[in-house]
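Notes follow the structure.
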């Protein structure tokens, strides 16, 4: 991955910059002297008072704008969940590694041992340097030519997870469990030997020589940045329920609910161009209606009215910078389901089309994604523009398919489009859009 752009620090925010008129940085700005002349500043002048100020603000170390501090003022509920996770780790209730999948991911618990979230550290992603799963290491060693997905920005899966949640909230789809970028540290995470030795050394120094140990900025293991997704209860793999529904067809009203929820999944996956959507990484929750005449097994939850909901998890391999055009096509596996052969409903059109047709909404969505993605130290503005170009093309195709009364299956059969933007020289705040079709096709179009 070519990462030639300047690094963007996560410390930066709008408060770090002053967009007003700058004060003169030298005495001559206030006295009109010529360059190189010596000026005596009177006592108490602004220039002299600034000279006596330290170059670095000593209070900044205690500033709440700590890059490793999890603050979510816009979402108090999510912030409280993170507080529970941090409190549990302090009490010795550590996250538990999930042994499924190809990356390091963890069930995070509260003080009572209840699972409250799923944490996926950046450096333990499928292609991260500290991935505890040996399968990707073996693939990189034995078959480097097929290693990775060249259409994706490597090691940004945690941003993709959070970005999918952002798109879900903006479009009001409500099928992605809330996901944000957080910092967590735990003994059960996969750290390098150096980090563990340093942590033990600092703890030993604090115990033996407290005066020395108190000088350390941090005693424990370094926090890891990653995505934290709220855990959803009562859901099972979609593949489980879809097979069940084939044997025991749903009532008409419940089947309608499933279709509407399925269409929301299609909208999300298509816009973010999810390259890893099988029937085993989206979930279904089905609460069966109360029925005293028949005895059903424990998989069925008895309620008064049938309720069916979907949860789109595992969104870490989305937001590509180009459409797949090498070995694999990374298709949407839901396209083979019978629900994909039904025309988009009027409900999903009314929910999505007004937003997608609004240029201001699309611009706001791009800016929100930019603010999220630029948190990564390896953020590349050029790569981000390519990701947005793909997303714009997906939005264009989706809008056209809904207007034309097409089905999700017909949607995925439309030619891939890229919509690039460029500044208009004569107009400072105007942009021109260039639409192009991808002619190159992957070698395996079905895989």
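Cβ coordinates are placed from backbone N, Cα and C, and glycine is handled just like the others.
As annotated by Swiss-Prot, ATP binding site applies to 99, 100, 101, 102, 103, 104, 105, 120, 229, 230, 231, 232, 314, with the evidence given as similarity to another entry.
Swiss-Prot lists 48-77 with the feature compositional bias 'Basic and acidic residues'.
The domain 'PI3K/PI4K catalytic' annotation in Swiss-Prot covers 92-421. Looking at the domain 'PI3K/PI4K catalytic' (92-421) alone, the prediction's average pLDDT is 88.
Look at Swiss-Prot and you will find 142 (among others) tagged as S-palmitoyl cysteine, backed by similarity to another entry.
Residues annotated as S-palmitoyl cysteine in Swiss-Prot: 143 (among others).
Look at Swiss-Prot and you will find 145 (among others) tagged as S-palmitoyl cysteine.
Look at Swiss-Prot and you will find 146 (among others) tagged as S-palmitoyl cysteine, backed by similarity to another entry.
Swiss-Prot lists 1-77 with the feature region 'Disordered'.
Annotation source Swiss-Prot lists region 'G-loop' at 98-104.
Sequence annotations record features per position, and here Swiss-Prot assigns region 'Important for interaction with membranes' to 133-146 (among others) based on similarity to another entry.
Using a Cβ-Cβ cut-off under 8 Å and counting only residues 6 or more beyond its ends in the same chain, the region 'Important for interaction with membranes' (236-244) has close neighbours at 279-286, 299, 310, 337. Marked as region 'Important for interaction with membranes' by Swiss-Prot on the basis of similarity to another entry: 236-244 (among others).
Residues annotated as region 'Catalytic loop' in Swiss-Prot, with sequence analysis given as evidence: 273-281.
Note on the region 'Activation loop' (312-332): residues 101, 103, 118, 120, 125, 146, 149-153, 156-161, 163-165, 168, 175-177, 179, 227, 229, 232, 265-266, 268-270, 272-277, 281-283, 369, 383, 386-387, 390-391, 412, 416, 418, 438, 440-447 of its chain, located 6 or more positions outside it, place their CB under 8 angstroms from a CB of the stretch. Annotated region 'Activation loop' per Swiss-Prot: 312-332, in sequence order, evidence recorded as sequence analysis.
The region 'Important for interaction with membranes' annotation in Swiss-Prot covers 327-336 (among others).
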(request) Counting Cβ neighbours within 10 Å across all chains shown, tell me which of the binding-site residues 99, 231 comes out on top. (result) 231
(request) Mind checking which of 103, 105, 229 has the fewest other CB atoms within 10 A of its CB? They're the binding-site residues. (result) 103
(message) What's the number of neighbouring CB atoms sitting within 10 A of the CB on residue 314 (ATP binding site)?
(response) 23
(message) Among all protein chains shown, how many Cβ atoms are found within 10 Å of the Cβ of residue 101 (ATP binding site), not counting that one?
(response) 14
